[in-house]
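Q: After the structure tokens below, expect a handful of questions from me.
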């Protein structure tokens, strides 16, 4: 039986990004250790292997599926998303990072800024992450003079991608020493937690709109049924509420029979919470990532829409050349990515990098859509544009 969740502090979602092996997962472990001490054991210590849990990750020592870890600071309750750090898994990072209220950029004090560090900061800008804080990790192995240079380099990088590089807090840590019980290293982790509290603003949660949660993952729990997980985008859900599963296939109705966050039972889930929702009478194969769970009748699936789109320049990491009629990239909306064919409107022959354009899009599968839905456009492993649905056609 799960214990009840204590909602006495505001909830906030943050993520870790940064180059592979710079210590993102170790940092997550160190934070749970310090938080567990701070909260008298209310937070469970998560060791490295528990966070790095997919079998292929452990074989390669890298984090693939975005892992959620809980911690409590002096001011807030957090879900920490350990964003994947391997180049093949940028797709996961897009959905992981776009669900966060802020990010910790982890940079090794030994290696400094690496190609993935740049790529992740660019992606954070592209998916609209509101704020970034920096942790220079592995300082026990680093040359102190080099640390100054690394800090300057990180500030320049953040400024380049329109984050406030001059004022971003940069905290020096040694996650591994903190894990091994070093008291000075633990102080560094605590300093990082305080900086997150103070620097990352508490987001406004949309509680008064109809419930909607993009589905990130689906599990089958023996004897209890099917659980879908995700971050609630808007509204509130209570046990006994009727919900619809919308997008990618025929809409289904079901009833919420349980809401949990970090294995603790909630009387209700609300916007901003990372939850598991137990669904009555739904089989594991009836539901998939990329669908949404919503209050009945509040959102419908569509394939065809018009959108206002900005196409990234080469300098922003986008295409080097224009695209034409019938271009078929992937559209990333919430937790799904679907191929769509683009029709250029008003007699346009092509769209150049750097252009703002109105396009008509026809997706190969219907997704839950409302006017104003944001999406990223990707092709061949890179983001080439971003847009919003301006009109639903069918």
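Yeah, the Cβs are placed from backbone N, Cα and C, and that goes for glycine too.
According to Swiss-Prot:
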- 9-204: domain 'tr-type G' (DOMAIN)
- 18-25: region 'G1' (REGION)
- 18-25, 82-86, 137-140: GTP binding site (BINDING)
- 25: Mg(2+) binding site (BINDING)
- 61-65: region 'G2' (REGION)
- 82-85: region 'G3' (REGION)
- 137-140: region 'G4' (REGION)
Q: Which chain-mates of residue 139 (GTP binding site) that are at least 6 residues away have a CB under 8 A from its CB, listed by sequence?
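A: 109, 147, 172, 173, 174, 188 - these are the non-local Cβ neighbours of residue 139 (GTP binding site), listed in sequence order.
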Q: Can you tell me the CA-to-CA distance separating residue 18 (GTP binding site) and the residue listed as 'Mg(2+) binding site', as a whole number of Å?
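A: Residue 18 (GTP binding site) to the residue listed as 'Mg(2+) binding site', Cα-Cα distance: 10 Å.
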Q: If you run the three-state DSSP split on residue 24 (GTP binding site), which class comes out?
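A: DSSP call for residue 24 (GTP binding site): helix.
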Q: For residue 18 (GTP binding site), what is the secondary structure state per DSSP, taken as helix, strand or coil?
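A: DSSP call for residue 18 (GTP binding site): coil, neither helix nor strand.
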Q: Count the other Cβ atoms sitting within 10 Å of the Cβ of residue 21 (GTP binding site), across every protein chain shown.
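A: Step by step: centre on the Cβ of residue 21 (GTP binding site), count other Cβ atoms within 10 Å, giving 17.
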Q: What mean pLDDT does the predicted model reach across the region 'G1' (18-25)?
A: 82
Q: What is the number of other Cβ atoms found within 10 Å of the Cβ of residue 24 (GTP binding site)?
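A: If we count other Cβ atoms within 10 Å of residue 24 (GTP binding site), we arrive at 28.
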Q: Return the count of C-beta atoms lying within 10 angstroms of the C-beta of the residue listed as 'Mg(2+) binding site', excluding that atom itself.
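A: For the residue listed as 'Mg(2+) binding site', the count of other Cβ atoms within 10 Å is 27.
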Q: By a simple count, how many Cβ atoms lie within 10 Å of the Cβ of residue 18 (GTP binding site), its own Cβ left out?
A: 26
